[in-house]
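**Q** Questions regarding the structure given below will be posed in turn.
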Amino acid sequence: MIDDQAKAANAQPGGAEPSGARDRRARDEAAAWYGKMSGQRVSNADLAAFFAWRENSLNDAAYTRIEALTTSVRALADDPRLQAIAETAARRPRGVVARLRSLGQGAGLRTAGVGAALVAAMVIGAVLLGQVGQQTYRTQIGERRAVSLDDGSTIELNTNSQVRVRLSKTQRSLILDRGQAMFIVAHDAARPFVVTAGDTSVRAIGTRFEVYRAAGAVRVTLAEGRVQVSKAGRRNDGGGQGGERSTPVILNAGQRVDMAPAAPASPVAVDVAAVTGWTRGRLTFKDASLAEAVAEVNRYSRRQVVLGPGTPADQRVNGEFDAGDTETFARGMAVLLDLKTVARPDGGIELAASPAV
């Protein structure tokens, strides 16, 4: 339905449609798009339709208002008066909405065109559920997802990944529980953007960087700007300080650092376009071992590639493939390395040594 709305909304408004009707339609579509971009899986086609829809100035203004309203509502979570209300809401619900209504008016929500009583219901419901200020986004195997945050930042989640987000008036805190994500950070000097992955913390203000968490190590790649990467003295998955931190590593654009146990953290130069190719649905291998390439390809599909006896696991390979296209990768490696492909009972593909001639 949203796709149909986008097509209709991108057309120039006809003279027969009253301006009030156009405004209402833009508001309704903006609300639908915000829900889709914030709480559902978003495909590449959805992203293209969304950006096309926002090219219309009326639509863009409506969506911007929704983002601003949501930010105002969530900002109430930091108000000590709201916290006091939340503590007694379950015991004495009468009068709670009236008190929240006054908070909503104080935050300027009346001028945003939303009834304060509705805002109160939204906020108190979120508080009682313990969900104010934090959201969780995840992807399944083979899925990618783009998430727009209320501060204007964007997260691109790679396959089988999960991130938790908490935005406050003083800090933007994110926890990468698993997998890989690209963070496009909106500039806000008053609210540092901090991503925690295990015992590694990445601090930015306005930049674009990737964090990959796997096998007890964290890899940080910087595409734009500058970030500070630090490591706690002990593991802390809750996003806290977790002990005394090591000397921070400063990354500049085009650099990567691996934060692994008992290993020095030294920035190295990388081909950012190749490393972050997954954001475009592409996997690029440059002088990677066959075993490394197979492990990476297997992240994107339940149809796994297996190396059979006698296959050259350490052989260096190069190439570019579509993420999730297991069969094309296996066939390509078979041709490149003179191997054969064997169908497995579980649906996977085995790369096996060719019989001697």
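Including glycine, each Cβ sits where the backbone N, Cα and C put it.
Curation does not apply to TrEMBL; its annotations are automatic.
What TrEMBL lists as domain 'FecR N-terminal' is 28-69. Among the features that TrEMBL reports, domain 'FecR protein' is placed at 136-228. The annotation region 'Disordered' is assigned in TrEMBL to 1-28. The transmembrane segment feature in TrEMBL is assigned to 109-130.
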**Q** Mean pLDDT for the domain 'FecR N-terminal' (28-69), as a whole number?
**A** 75
**Q** How does the domain 'FecR protein' (136-228) divide up by DSSP, counting helix, then strand, then coil residues?
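**A** The domain 'FecR protein' (136-228) comes out at 0 helix, 58 strand, 35 coil.
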